[in-house]
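Swiss-Prot annotations:
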type: ACT_SITE; residues: His24; note: active site, proton acceptor
type: BINDING; residues: His24, Ala374; note: anthocyanidin binding site
type: BINDING; residues: Gln336, His351, Trp354, Asn355, Ser356, Glu359, Asp375, Gln376; note: UDP-alpha-D-glucose binding site
Amino acid sequence: MATSVNGSHRRPHYLLVTFPAQGHINPALQLANRLIHHGATVTYSTAVSAHRRMGEPPSTKGLSFAWFTDGFDDGLKSFEDQKIYMSELKRCGSNALRDIIKANLDATTETEPITGVIYSVLVPWVSTVAREFHLPTTLLWIEPATVLDIYYYYFNTSYKHLFDVEPIKLPKLPLITTGDLPSFLQPSKALPSALVTLREHIEALETESNPKILVNTFSALEHDALTSVEKLKMIPIGPLVSSSEGKTDLFKSSDEDYTKWLDSKLERSVIYISLGTHADDLPEKHMEALTHGVLATNRPFLWIVREKNPEEKKKNRFLELIRGSDRGLVVGWCSQTAVLAHCAVGCFVTHCGWNSTLESLESGVPVVAFPQFADQCTTAKLVEDTWRIGVKVKVGEEGDVDGEEIRRCLEKVMSGGEEAEEMRENAEKWKAMAVDAAAEGGPSDLNLKGFVDEDE
């Protein structure tokens, strides 16, 4: 129970710390608002580099911000920077968080003392700092619960042998292949720095006597995965998705011409294509296949292309092809929840980032899954075989894919045939359950309320 120095009741005050990337910040701010709704106060902390990319933070009673330097306040300039970034983030961030917590606990004013720390994926060092001040910690997991289970079993020597035989059978999880694993665990795509950080996450959870994890999912979607690892108390509190008005998306632009364009299209006729904030890193052969596949359908499309370097992108012949089509519209940004909620959208071509997948689920839009890295490979497996709301693009061992495969997937979802109707019906079913879970009094809402009440 949170109490003041004189013994009176104090509401919980959470320090919420996230990795400085959009995919981490947006769900964290959704969580902050919901924690405040249930009577808590929140200090949100991430790197200055993210603050500079964001719009003006929301002015919300009970929400304050504490920015810290990660050593790269102007952002990463090259791949070489990425090799040392994680260690610098840990070093700079740890020192900054110590100062933030110490200043808060030493305050003699009416400032509410921090009573707990919540930290997201890729910053496991936050839990170490929190323990120095004897503050309880909670992990905010912003990927599928299934992915956390996989990492737990992979880094636990008692289960490591299960990954030596295919198909891989893990407790309470669907059968998977090596290609369905998060890319960091695939031999051909392993990233040593990511593996170190993920291992540290599991080790941090192992040090807790009763580790608690707030998971951006909902019980109906991942019931078995949420109870797969008996030691971990996973609390489903999702989907943490912004409203279709996009008022809490601090990274959106003011370009809304796409709305009028969508209004002019027939119901369920538009292919919406967005491959996330790292779409600029899409391999050229994937961009080529995607371009030819989309154009071959002769269907209207809305394509999100984020140009970091406009002059360089002008040289991209595939970008010129899609811009030259009279059937499509290319924009730099959009309110994704608003687009997915539009009746003209019939299909979502996505990289299967977890935020995008949840937004698709909550909107009831079937998908063509084109995963690239990290948890996206596992999510695509769930999309196609478990939730059955879309189809996954088949990619060769060397990452090869052609335009015909893209066209095949799009037609399978958009054709109106028996399989397409089944996907759409499943999407509508999951939409209803997703909306119900996050609604006031819904399962996820009650779970979060219970989490806050335990700390009061």
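Start at 1 and count along the chain as shown; that gives each residue its number.
A Cβ is built for glycine as well, from the same backbone N, Cα and C atoms used for every other residue.
Model, not experiment: these values are computed from the prediction.
Neighbour counts were taken as the number of other C-beta atoms within 10 angstroms of each residue's C-beta; across the binding-site residues Ser356, Gln376, the minimum falls on Ser356. Here the Cα atom of Asp375 (UDP-alpha-D-glucose binding site) is found 14 Å from that of the residue listed as 'active site, proton acceptor'. Under DSSP, Trp354 (UDP-alpha-D-glucose binding site) is assigned to a helix (H, G or I) in the three-state scheme. Sequence-distant neighbours of the residue listed as 'active site, proton acceptor' (same chain, 6+ residues apart, CB-CB distance under 8 A): Thr18, Thr46, Ser120, Val121, Leu122, Ile142. Looking at Trp354 (UDP-alpha-D-glucose binding site) and Ala374 (anthocyanidin binding site), their Cα atoms lie 10 Å from each other. When the binding-site residues Gln336, His351, Asn355, Ser356, Glu359 are ranked by how far their Cα is from the Cα of Ala374 (anthocyanidin binding site), His351 comes first. Counted over all residue pairs in Gln336, His351, Trp354, Asn355, Ser356, Glu359, Asp375, Gln376, the record's binders of UDP-alpha-D-glucose, the longest Cα to Cα distance measures 20 angstrom. Sequence-distant neighbours of Glu359 (UDP-alpha-D-glucose binding site) (same chain, 6+ apart, CB under 8 A from its CB) are Pro239, Val241, Gln336, Thr337, Leu340.
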